[in-house]
Amino acid sequence: MKPLLRDAMDNGYAVAAFNLVDYNTTKAMVKAAEELNAPVICQTSSKTIKYFSHKEIVSWVRTVAEDSPVPVVLHLDHCHDIAMIEECAKAGWTSIMIDASELPFEQNLEQSLKVREIAEKYGVGMEAELGQIMGVEDDMVVDEADSVLTDPEDAKRFCDALDLSAFACAVGTAHGYYKGEPVVDFDRIQAINTLTKTPMALHGGTGLSDETFAKAIARGAAKVNISTNLKHVWVKSFVDYHLAKPTDFEPLRVGDAQYQACKAMFHGFIEKFGGKDRGSAFVAKLG
Ligand code: 13P
């Protein structure tokens, strides 16, 4: 995760990070990345891990990624539970996230430093969050009134202490669909990036415009998270198939319709974030 996001930040592109929901979506995101010769981040929310298991998820990602020519990261998205974070690092996740952003600065940093030790112990990447991103993620709700945009000076202190692969911060985006036009603070993204020199994870990717993505990526967003959009395509492609072919009860054809729809969506985002043709170039740089 760390060298990959550095490469993205230094070269003005972002790596797409999708919250997988099952084996088929995992396979579709890696396939889409391969078709575009792009890196990709398969990420999991805690509730997905609780529903399946560490073992199942690692086996899916290994199956689709181990012979893949493109870089694939298995990342843990927003996690509040340090024991679970360590279990993921032990089980095969190549990057972990601590989200202690609801705590005051010092306590957030203290928790994040504990996870820093875990990341070092297992040799995996790490993301941590400062400021509070609006919306619902993994059943945690942050109202507009409670959301706090990240202060650039605090961000510097936080990042200097943690040496992160990715820094999650609140810059005006929100998890879930936007009710109105999102007000993204591009100057804040720039200020945070200038001070922290750390690749930024842009959360709340669903519903942002192409222009917003381009401006955020140009200012240091090196990882862009997409979750809600995938959930909608996953359900809608199933329903649409059944409505179009109400007498077809062959699960493999219905599943394939979902797979193709999700893959097309992944393609769109990977290209939009500038990931196309970055995969083999990055692998060559790693040596
Ligand atoms: P969306 O659900 O808005 O795409 O946000 C995803 C995200 O940021 C996951 O952490």
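Backbone N, Cα and C define each Cβ position, glycine as well.
Between the candidates Gly176, Gly180, Gly255, TrEMBL assigns the dihydroxyacetone phosphate site shared with Gly204, Gly205, Thr206, Asn225, Ile226, Ser227, Thr228 to Gly176.
The Zn(2+) 1 site recorded in TrEMBL comprises His78, His203 together with one of His175, His232, namely His175.
Distance between Cα atoms for Thr206 (dihydroxyacetone phosphate binding site) and His175 (Zn(2+) 1 binding site): 8 Å, as a whole number. Here dihydroxyacetone phosphate is bound by Gly176, Gly204, Gly205, Thr206, Asn225, Ile226, Ser227, Thr228 per the record. The longest Cα to Cα distance in that group is 11 Å. On the backbone, the CA of Ser227 (dihydroxyacetone phosphate binding site) and the CA of His175 (Zn(2+) 1 binding site) stand 8 Å apart.
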